[in-house]
Amino acid sequence: MMDNVSVITMLTLSGLGGIGNYRVTLFALTLLCYCVIWLVNMTIIVTVIVDKNLHEPMYIFLCNLCINALYGTAGFYPKFLSDLLSHTHVISYAGCLLQGFVLHSSLTADLSLLALMAYDRYVAICRPLVYHSVMTKQKVCVFVFLAWFFPLFMLFCSTITTSMSRLCGSHIPKIYCVNWLVSRIACAASIASIAVPAFNYTFYIGHLLFIGWSYANLIRTCLTSREGRTKFMHTCLPHFICLVTFAVCVLFDLLYMRFSSSDLSESVQNFMAIEFIVIPPIMNPLMYGLKLTKVRNSITQFMLLNVFKCTQT
């Protein structure tokens with residue numbers, strides 16, 4: 001029996017069993033959504049890189065947040081688009097682990113970058129006199145490096161421990177792969193496959209507690225003056241809205257994955273599963289691009305300049 005379970009190399013994704021005649025329509029809408037994600041995120045990335053006035057910690061963190069959105073969605077949309085046009089929804093075991101790694105590491109990198117942005121706003125508003133000594137270019141580079149390194153390293157360790165498990169099944173009840181669902185079809189759970197994810201969850205719960213602490217101090221400081229309230233509304237509110245959106249989408253997915261009910265229709269289940277891959281990647285750049293004055297002015301100026309050049313030629 002153990003010899004049989006060791007040869008499973010292909011897994012079946014069962015979330016798209018009932019799309020029927022809506023296959024082409026869903027493909028067109030999904031492709032449009034992916035194009036919008038690329039457009040809005042690349043607009044912010046290019047704007048921050050080109051405009052030297054935006055080479056400040058908050059905008060550098062925002063640029064990395066948009067890069068991470070493109071990285072995370074690349075782990076879902078190409079495969080999902082392919083599945084929409086196919087009648088068989090399968091993925092190799094290696095491809096499943098890779099997809100789970102990309103999606104998980106993107107989520108955790110998002111949380112790390114949001115924690116950095118919360119810390120940046122905390123220092124800027126609560127400790128303005130030391131802001132430039134704390135947020136130096138060298139320290140910002142270190143912060144960004146760590147915000148990418150820890151998620152990639154920790155999820156690499158988690159993926160390795162998952163890959164060492166023997167599989168006793170090949171059915172993934174979702175439209176994409178995640179490590180937790182792969183571990184559920186393993187023949188037996190190893191200590192490492194339990195300990196590593198538990199450590200990762202604890203580590204990022206610490207991020208959430210830190211973000212909560214930062215915002216508690218921010219709100220308390222901003223309530224003491226009109227200038228503080230204005231600064232909070234202009235620079236912290238977009239971040240706070242994006243943070244809440246991210247948290248709600250991820251919690252929806254986690255709760256559904258662990259407490260999913262057969263009473264829910266497949267469409268509702270799929271929507272709950274893809275919220276965090278659809279809403280934050282679109283909402284974050286739009287929220288920051290519209291709300292942050294310097295970003296909005298830079299984008300407008302860049303577009304007007306290019307329109308003027310086109311009319312001149």
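Numbers here mean position along the shown chain, with the first residue as 1.
Every residue gets a Cβ built from N, Cα and C, even glycine.
Fair warning: this is a prediction, and the values are worked out from it, not measured in the lab.
Per TrEMBL, the feature domain 'G-protein coupled receptors family 1 profile' maps to 40-288. According to TrEMBL, the transmembrane segment annotation covers 27-50, 57-77, 97-119, 140-161, 201-219, 240-259, 271-290.
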Legend entry - Recorded stretches the transmembrane segment (201-219) and the transmembrane segment (57-77) touching, at least 3 CB pairs under 8 Å: no
Legend entry - Stretch among 27-50, 57-77, 140-161, 271-290 sharing the most Cβ pairs under 8 Å with the transmembrane segment (97-119): 57-77
Inset, instruction - Flag the pair the transmembrane segment (140-161) / the transmembrane segment (271-290) as in contact if three or more Cβ pairs fall under 8 Å (sequence separation 6 or more). - result: no
Legend entry - Tertiary contacts of the transmembrane segment (57-77) (same chain, 6+ residues out, Cβ under 8 Å): 30, 33-34, 37-38, 41-42, 44-45, 48-49, 98-99, 101-103, 106-107, 109-110, 113-114, 116-117, 120-121, 124, 135, 140, 144, 147-148, 176, 235, 274, 277, 280-281, 284-285, 288, 292, 294-295
Legend entry - Contacting positions for the transmembrane segment (271-290) when only residues 6+ beyond its ends and CB under 8 Å are counted: 15, 33, 36-37, 40-41, 43-44, 62, 65-66, 69-70, 72-73, 76-77, 103, 107, 110, 174-176, 238-239, 241-242, 245-246, 249-250, 252-253, 256-257, 264, 296, 299
